Amino acid sequence: MIMGGAGATVFYNLKQRHPTLDLPIIDYDLALLFQPMLVLGISIGVAFNVIFADWMITVLLIITFLVTSIKAYLKGIETWKKETIVKMEAARASQSTGSGMEEVEYKPLPEGPGTGTQSETKESEKSKVSIVDNVYWKEVGFLFAVWIIILGLEIAKNYTTTCSVLYWVLNLLQIPVTFGVSGYEAFNLYKGRRVIASKGDADATYKLHQLVLYCIGGIVAGIVGGLLGLGGGFILGPLFLELGIPPQVSSATATFAMTFSSSMSVVEYYLLKRFPVPYALYFVAVSTIAAIIGQYVVRKVIAILGRASLIIFILATTIFVSAISLGGVGIADVIEDIQEKAYMGFENICTYDA
């Protein structure tokens, strides 16, 4: 379901531009830093999903979603206040020049240290360009390479005996692949050869501990995503906002990374025979249509109201509703297991029978 929605959203975003800078709306350098770590975390999380009992997963889901939604709401309120200040200043400037309120044009609020120039904003108002010109093909190539290699390792692992030497070798081979690509991007950021330009600060420098924390954050997001059956975007979205990435870019980049990770989750759960294919295809179709409609409607509403913070509130609300609904279903299942006196401890992945 998440894979279908993320894939449709990415296709829509491939032509979109950054709200205030002359850049794609997807930050490919940010994705290259986080996505390999996210995929590695997904593999670990899927294994944990087999090992952990259902009640453990339910508790973790509720806690993770509630904390994430609260932080997202607080970030949304902060962004809303900044937007209000910008709109008030624009209104005063318009009145002082005698042009009137109706001529005040909304300019998306940059979240980074830089404010962007007027020429950058006007350039970005082209809104859409061709996919060929808007995609950073080198970075995308690296991301696809990681995805294909990890996918190949997962498929090969399916033809080995669980917990055999070859099984663990194939698992461990994921580490140099993912760390190699994320390490390459982190090294370039550290040396100043690359920059997370979507923040609007072209002269930003990155300390070693910052980059290490970013990579750890990607792994944690992947573990949580794999464990709970998500794509990791619910964690990356709020994390990118905390890093100062504008809401539109944060949403687009998190969804881009989530497309790789959620598709990886789908393959791994399929190999574990943990979901029925017709049931999954139905949700893929529904979520794809919903994502296309949602992207169009949200962009129109933002253009009318001049509030990019709406993206943050939508994200926070979705996470909160998910916590209540999924948590409620999980609690009901746990109560049923208790009544039936079912085993509720850890499973042995080496003896797991799909």
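Quick reminder: no glycine exception, Cβ is built from N, Cα and C everywhere.
Remember, predicted model here, so these are calculated numbers, not experimental data.
What TrEMBL annotates here:
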type	residues	note
REGION	96-123	region 'Disordered'
TRANSMEM	30-49	transmembrane segment
TRANSMEM	55-74	transmembrane segment
TRANSMEM	135-153	transmembrane segment
TRANSMEM	165-190	transmembrane segment
TRANSMEM	211-240	transmembrane segment
TRANSMEM	279-298	transmembrane segment
TRANSMEM	310-335	transmembrane segment
For the transmembrane segment (310-335), distant same-chain residues with Cβ under 8 A (at least six beyond the ends): 54-55, 57-58, 61-62, 65-66, 68-70, 72-73, 75-76, 79, 234, 237-238, 241, 247-248, 250-251, 298, 301-302, 344
Close approaches to the transmembrane segment (279-298) from elsewhere in its chain (Cβ under 8 angstroms; 6 or more beyond its ends): 1-9, 12-13, 266, 310-311, 314
The transmembrane segment (135-153) versus listed stretches 30-49, 55-74, 211-240: most Cβ pairs under 8 Å: 30-49
